[in-house]
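S.K.: Below are the features listed in TrEMBL for this protein:
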- 21-47: transmembrane segment (TRANSMEM)
- 29-220: domain 'Cation efflux protein transmembrane' (DOMAIN)
- 53-74: transmembrane segment (TRANSMEM)
- 94-113: transmembrane segment (TRANSMEM)
- 125-144: transmembrane segment (TRANSMEM)
- 194-212: transmembrane segment (TRANSMEM)
- 224-300: domain 'Cation efflux protein cytoplasmic' (DOMAIN)
Amino acid sequence: MLEHFVEKMIKNKNREEQRTKVGQIAGVIGLVSNIVLFLGKFSIGFIANSVSIMADAINSLSDMISSILTLVGFKIAAKPADKEHPYGHERFEYISGLAVSFIIMLVGVQFLQSSFNKILDPESISFSVLIFIVLLSSIIIKIWQGKMYGKLAKKIDSQTLQASGKDSLNDVFITITVLLSALVEYISGWHIDGFVGFVLALYIIYTGIKMIKDFIDELLGSRPSDYEIQIMEARLANYPSILGYHDLLVHNYGPQSKFASVHIEIDASWDLTDAHQVIDMIEKDFKENLDVELVCHLDPVAIHDDQYLKINQELNNILANLNQGLKMHDLRIKNHNVLQFDLVIPEGITENENQLVEDIRQLVMKRIGNYHLDVRLDHNYLL
């Protein structure tokens, strides 16, 4: 039913409009359902004098605020690029998610204190059939809410909705714990409400901190997934006319604004027009099939020069002998006595970089000849 409604709402809209509309639908549904949950749980928690139920209610309040920020976030993120923001406003979705994360963490801190006071000064809670019905209804609503967020998140590839979905499913376990603790206290008379509230508060704080880290990673610029890198690598491998590729960089300005650059190795004897046609094809391929704005840099390789081929092979052997992880590219022979190349140093190599270059120089002297080295060090590229 929800999927049919969403499809109807986004029909005949472009992808950006679809993304905004789906985000707004999720925000409205989340807002309404969380208002109902907050009012219901806070009322019965106040009546029953249960700090754990009220903590669960405040958790629903933070979810309600999250839904409001989701609505605002998607609205602002949908604004087109302008002079001050040439890459658009999509990253505001991360900012709204970060704000939600801080709210969740602060709510946890507040209830940590309330629960601790309840431990020091325990009071009995008043359990009733109404409490059971409200908490059970809350569990059912949160399960549905989590699945709803998950489906919509996949539809528009939204980290904010994914986070909301995980938070909703986490809330299911919180409410189950609260319900069980209320039953145990009612049956046994043990005053465990404060302890349960304390544990839930710690969990809420942990969830907030983890979400803060995830959104800060996106704002700072995080590494794309291994799957995304493999897809890009597979696309590049579809072009047998190129000799190789390296120095892939990927960055984004929001979930739908991805940019990349890569160095493409070509035969140095190629006509420049032919080479340009090939990289135009690659850039168009990335845009149409991966929705990535790719910029290609040409690196000519002298594959018909015997001296170049011999030195290139020997250099690769030297690097393999020093460390299997070492790679090089962009080899140039300048003025007949200078070898210029980029040295790719992977993570995990602890040797001093200057010493590493000196070791390579010594081996070049022994095995290739009296060449000076002009080495540029590469770090943190994806390919």
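Each residue, glycine too, has its Cβ placed from N, Cα and C.
Heads up, TrEMBL stuff is auto-annotated, nobody curated it.
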S.K.: Can you count helix, strand and coil residues in the domain 'Cation efflux protein cytoplasmic' (224-300) using DSSP?
M.R.: 31 helix, 28 strand, 18 coil
S.K.: Under an 8 Å Cβ to Cβ limit, what residues of the same chain, 6 or more beyond the ends of the transmembrane segment (194-212), are close to it?
M.R.: 51-52, 55-56, 59, 97-98, 100-109, 111-112, 114-120, 122, 163, 167, 170, 174, 177-178, 181
S.K.: Using Cβ atoms and a strict cutoff of less than 8 Å, what residues sit near the transmembrane segment (94-113) while being 6 or more residues removed from its termini?
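M.R.: Residues packing against the transmembrane segment (94-113) from afar: 51, 54-55, 58-59, 61-62, 65-66, 69-70, 72-73, 76, 159-160, 163, 167, 197-198, 200-209, 211-212, 215-216, 218-219, 254.
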S.K.: What residues elsewhere in the chain lie close to the transmembrane segment (53-74), defined as a C-beta under 8 angstroms and at least 6 residues from its ends?
M.R.: 19-20, 23-24, 26-28, 30-31, 34-35, 37-38, 40-42, 44-46, 92-93, 95-97, 99-100, 103-104, 107, 110-111, 114-115, 125, 131, 135, 138, 160-161, 164, 167-168, 171, 174-175, 178, 182, 197, 200-201, 204
